[in-house]
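Down below is the structure, laid out as structure tokens.
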């Protein structure tokens with residue numbers, strides 16, 4: 001049977017053609033998408049903050065540290081679903097979008113925010129379409145609902161925070177499933193809508209409620225003739241049966257992905273869930289539902305973390321906050337009664353759609369059926385806000401019809417509402433720009449939140465403001481004395497004062513399974529030379545977290561040298577692509593004197609360190625170790641080649657060219673140094689000829705002299721001729737017979753010291769005289785090394 005035809009989408013006064021209607025629709029879609037994008041334009045310059053760090057920056061499923069199939073086996077935070085410590089949030093589609101983002105633009109936060117803003121703009125278009133097609137709002141009011149959705153400040157955590165993409169992507173697929181199921185007249189619309197709902201569930205768990213909405217709303221629309229309906233392929237019974245079967249199948253699959261264990265949460269995460277009294281839990285959870293509705297109505301007090309004291313427990317029936325719970329419950333019952341009474345005439349379809357969209361997507365996060373790891377989370381209100389704005393706009397539509405004189409005032413109120421929402425969203429985006437600005441803004445709103453003081457102390461610790469960090473840790477412990485993580489982190493700052501062990505033990509007192517407290521206590525005991533206690537703590541730490549890498553590295557330092565190999569093998573098994581583990585293995589082989597094996601592991605570390613793009617000096621450690629081993633075994637050329645290849649692999653073209661030029665210059669200098677060293681190894685000159693460098697005249701003594709050539713000729717003689725002193729010269733020197741050359745003097749020439757002997761040098765005399773044997777040998781050497789050695793180099797070396 002076919003569903004009863006619904007009222008026409010056009011207003012009675014609208015006589016435009018189909019083409020003009022389409023053009024107006026696209027104008028509306030462009031308007032709401034532009035408003036949604038411009039409202040969050042100032043969030044594009046933000047950084048990765050809050051949950052973005054563990055879910056994106058440190059997640060190997062996103063950064064490519066693990067295989068693509070690992071995304072299907074791990075949770076949203078990169079932990080295997082089979083791990084008892086897993087968060088059990090199975091969102092592979094969102095993680096896959098993160099990985100695609102990383103492959104396209106790396107960790108440039110600007111592009112990640114652009115993707116979130118683009119998805120939010122698409123959601124705004126789908127809200128306008130859903131309001132017109134499914135909720136049957138008039139087109140101007142459907143556009144108004146999309147505008148209110150676009151500027152609602154409650155969406156800042158989901159849109160500005162990159163991790164909130166899970167909610168935005170799930171909303172896109174959620175609304176698409178609704179439109180395909182209720183906005184299509186074809187017979188095969190059920191299974192495609194089921195597929196979109198399944199994809200929405202893989203983006204975030206709340207997407208599964210799309211099937212629940214489709215089934216119940218289909219029953220609502222066909223209620224008038226459901227009794228007379230026969231079983232047919234496209235009847236309401238067939239659609240409902242297929243929808244319920246798909247819902248049961250997907251719910252079973254989601255439960256199976258829990259791997260037999262529920263997520264483990266602590267009282268710090270969700271205090272009401274751990275209270276022993278049922279009445280206290282019920283009153284608190286009902287108040288939290290009303291409080292979430294209040295945040296949708298008045299989104300002024302906003303925070304990214306509502307844990308630990310932000311919302312105190314309701315332990316008494318006389319608590320004034322119960323009034324808000326009663327008011328919200330009364331409003332919910334009144335809307336439900338209005339929808340049920342009108343089920344035959346279906347005159348309040350927008351109210352029915354708005355109410356179901358407000359309630360159904362919130363059920364998984366309400367703590368009424370499944371315990372979740374938070375008290376209040378603004379991001380989970382992204383899809384319920386669609387129902388809230390439709391209820392609000394439907395009320396405005398009724399007021400617009402019934403009040404003719406007050407329309408201007410109503411229009412003014414609508415404009416103020418849109419503008420104030422956009423302004424509040426703009427300022428809230430500024431709070432999300434950095435980690436510090438977010439924490440400071442939320443601490444100003446919730447100063448009694450112990451978790452905010454703890455996170456702000458962690459930030460101060462990271463920027464090395466130790467005193468301020470200690471003060472905020474103590475404030476967190478004052479607000480929440482059993483905060484184990486605050487005790488543990490405070491202990492790391494109290495090492496100098498001697499109070500570190502006390503805080504570590506306090507952390508273990510309130511949480512016996514605190515892994516980091518065991519690890520920090522083990523390090524402290526090792527420094528105090530309490531090796532037995534340290535070993536006991538490390539064994540407990542590894543039993544709690546078998547993949548805790550730092551615990552294994554600490555265990556290496558207190559394990560005998562012969563027993564370290566098992567620990568090193570375990571490190572390579574846990575992180576096979578971590579170059580630091582190969583470096584440790586190479587050091588172990590080097591200490592044992594196994595040079596070839598150590599070189600093999602060092603080379604593996606070098607290959608893995610090339611892919612590590614960080615500029616930390618520690619990345620040079622495997623390269624330096626490998627080069628030292630190569631130098632030790634005499635392979636210097638291979639060490640130089642390894643250094644050049646490593647630099648080429650990590651640099652761009654210009655830097656590579658510069659480094660190759662430096663390498664060529666280094667090789668040239670080495671060759672020149674070798675050549676010059678050969679001159680230093682020449683035998684002592686014992687002949688009558690001196691080396692021509694001995695006759696070089698200092699620059700300060702080189703003056704123009706007209707008779708310098710004639711004086712030089714006076715000193716040019718054959719080796720076997722001895723010159724006698726001239727007649728008439730007073731104090732003439734005697735001829736030297738020791739080395740066969742005669743000393744002579746002149747009146748106006750260059751004076752030569754007595755230890756130098758005149759030589760037969762063509763460059764000095766300018767005549768073609770016969771040279772001695774030593775001169776001939778020197779000539780051959782000069783011709784050989786002329787391209788490499790100049791006179792300047794001879795003087796330098």
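Each residue, glycine too, has its Cβ placed from N, Cα and C.
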The annotated transmembrane segment range in TrEMBL, which must be one of 132-150, 303-321, 322-340: 322-340
Transmembrane segment range according to TrEMBL, out of 82-103, 104-125, 236-257: 236-257
Transmembrane segment per TrEMBL - which of 49-72, 193-216, 409-432, 433-456: 193-216
Per-residue pLDDT averaged over the domain 'DUF1736' (260-332), given as an integer: 87
